[in-house]
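Below is one structure, written out as structure tokens, with a few remarks after it.
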Amino acid sequence: MFFFKGVVAVLSFFSAVNAAPFMKPNNGTRNYIPDSYIVLLKRDISHDDFELHKRWASDVHKRDVAKRGISFSGIGHSWATGSFRGYSGVFSRDTIEEIMKHEHVAHVERDQIGTSQGWVTQSGAPNWGLGRLSNNSPGNTDYTYDENAGGNGVVYVIDSGIDTMHPEFQGRATWGANFIDKNNVDCWNHGTHCAGIIGSATFGVAKLTALIAVKVLDCNGQGPYSAFVAGLHWATKHAQDNGFIGRAIINFSLGGDNSPAVNQALEEAQRAGIFVSAAAGNFGSDAGSITPGGAGLICVIGNSDDRDYRWTGQGPSNFGARVDIFAPGTNILSTIPGGGSGVMTGTSMAAPHVAGQAAILASISGSGFDLGAACAFFKNSASASVKNPGPNTTNKLLVNGANGTKGPKQGENKPNKPPGQDEQPGQNKPPSQNPPPGQNPPPGQNPPPEQPAPSPPANPGDEPNPDGQPYPGDQPNPGDSGPSWWMPSGGLQPPAWWNRRPSFGGWNRPMWWNRPLSVWKL
């Protein structure tokens, strides 16, 4: 997972009376982009007021540039989804002080950038994560999954892009938007790796789901928070405009110092009906003190290893009440650009397992399941298996309900194609289980093993998120053994909680409950 740290600038000139709350500096730890800001407006303003405010801000900017003979670009990205409205841009000190005083402005923060850290790349490790999802104990590499395989799901991978031509994606991956450069390629490998865990034919959880690349990181694994917000807004609006709500998922394997702007963008996507799977972070500290864990509503995922322990080696998984569930994230084999494969470790790899399982859940024919309740559903159907999860942290591990694991068995659907593409023959089944050739790890990504990762600042110093507090995660439940409802005859008997409508959005047992499962040999 990507988490960011850097150098902060002094904000002493931001002391205007009655101005919008400004993000506090973080004791010299942030890497701010000079003269770049993110502006959030109050939720109760109308769309017309938003447009008028942007015109006003542009006029203020133009007057200041003309008067002082300076060169600033002004408003860059803007967004308006539901009641979440704002913009980012490059402004002079005088202009941003004017903007902060405006009655419609709720929050202003400095844009920041950083570099990736806390994940490890190597070659030749076994792909154990899929097998763990469908078996009661670690060590089994057979992956049993329902044959719908996420065929109705649409997953937005907000990351460094996707190698959409990789044969493992079978034409199901497409480019959506690019907020970092003009090159629609994944030159950092991370996004393609995450996408492969979600939906590649050999390494993927949901082997038939559609994948949409939203690029917010450059070839050095860096990206401004304003690009994160713009990418989240684009994915939310794209899902709304194309009728994907109810089957749309966002994978967010990014993060860093706490940002109210990014947190609100994540929450807005979840409010819109998109399931958001977000990495908990790799600092071995409280996940709730940073972004994305500082956001409410979304599902925050920790990293477990192949022995069901919370990962505590290089880039140790974060912990705390804000971690909703654990998933495999250590030494995970998946796709990398150029048709190859490689292994990475981190909560970045854990979150895509949950995103893939959400795509399968979204593909259940006629279920009417609300993806907004998916995180609670996954937690309630999880296995209480994670050892030493950390203080005040759930021990729940993602499972899919096959082979006696506690969890739902899903239904059947057809493979999903990116919007505008016709279904092509021969894409209903995964290819050979052998990994593709060329298992080349990203250059320069082989840090010494078992080295302590840097911890995030103890005091992020951001303004509180005005739209809700992080909610506590599940407490350990040692008695939650799970497989008691698996029938020896090979059929499934649903658990007692199956028809609890208030907890799971009214999702009743569907007709296809006893459909056969497929077994994928790794």
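Here the Cβ of each residue, glycine as well, is placed from N, Cα and C on the backbone.
If you check Swiss-Prot, you get these features:
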ACT_SITE  D159  active site, charge relay system
ACT_SITE  H190  active site, charge relay system
ACT_SITE  S348  active site, charge relay system
COMPBIAS  384-397  compositional bias 'Polar residues'
COMPBIAS  432-459  compositional bias 'Pro residues'
DOMAIN    36-113  domain 'Inhibitor I9'
DOMAIN    127-405  domain 'Peptidase S8'
CARBOHYD  N251  N-linked glycosylation site
CARBOHYD  N392  N-linked glycosylation site
CARBOHYD  N403  N-linked glycosylation site
REGION    384-515  region 'Disordered'
SIGNAL    1-19  signal peptide
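For the recorded site, H190 (active site, charge relay system), the DSSP three-state label reads helix.
A simple way to gauge crowding: the CB of N251 (N-linked glycosylation site) has 33 other CB atoms within 10 angstroms, across all the protein chains here. If you measure from the Cα atom of S348 (active site, charge relay system) to that of N392 (N-linked glycosylation site), you get 22 Å. Of all the recorded positions listed (S348, N392), N392 has the fewest other CB atoms within 10 A of its CB. Looking only at the domain 'Peptidase S8' (127-405), the predicted model's pLDDT averages out at 91.
Following the DSSP three-state reduction, the secondary structure of S348 (active site, charge relay system) is helix. Around the Cβ of H190 (active site, charge relay system), a 10 Å sphere holds 28 further Cβ atoms from the protein chains shown. Each residue of the domain 'Inhibitor I9' (36-113) gets a DSSP state, and the totals for helix, strand and coil are 31 helix, 29 strand, 18 coil.
The helix, strand and coil residue counts that DSSP assigns across the compositional bias 'Polar residues' (384-397) are 0 helix, 4 strand, 10 coil.
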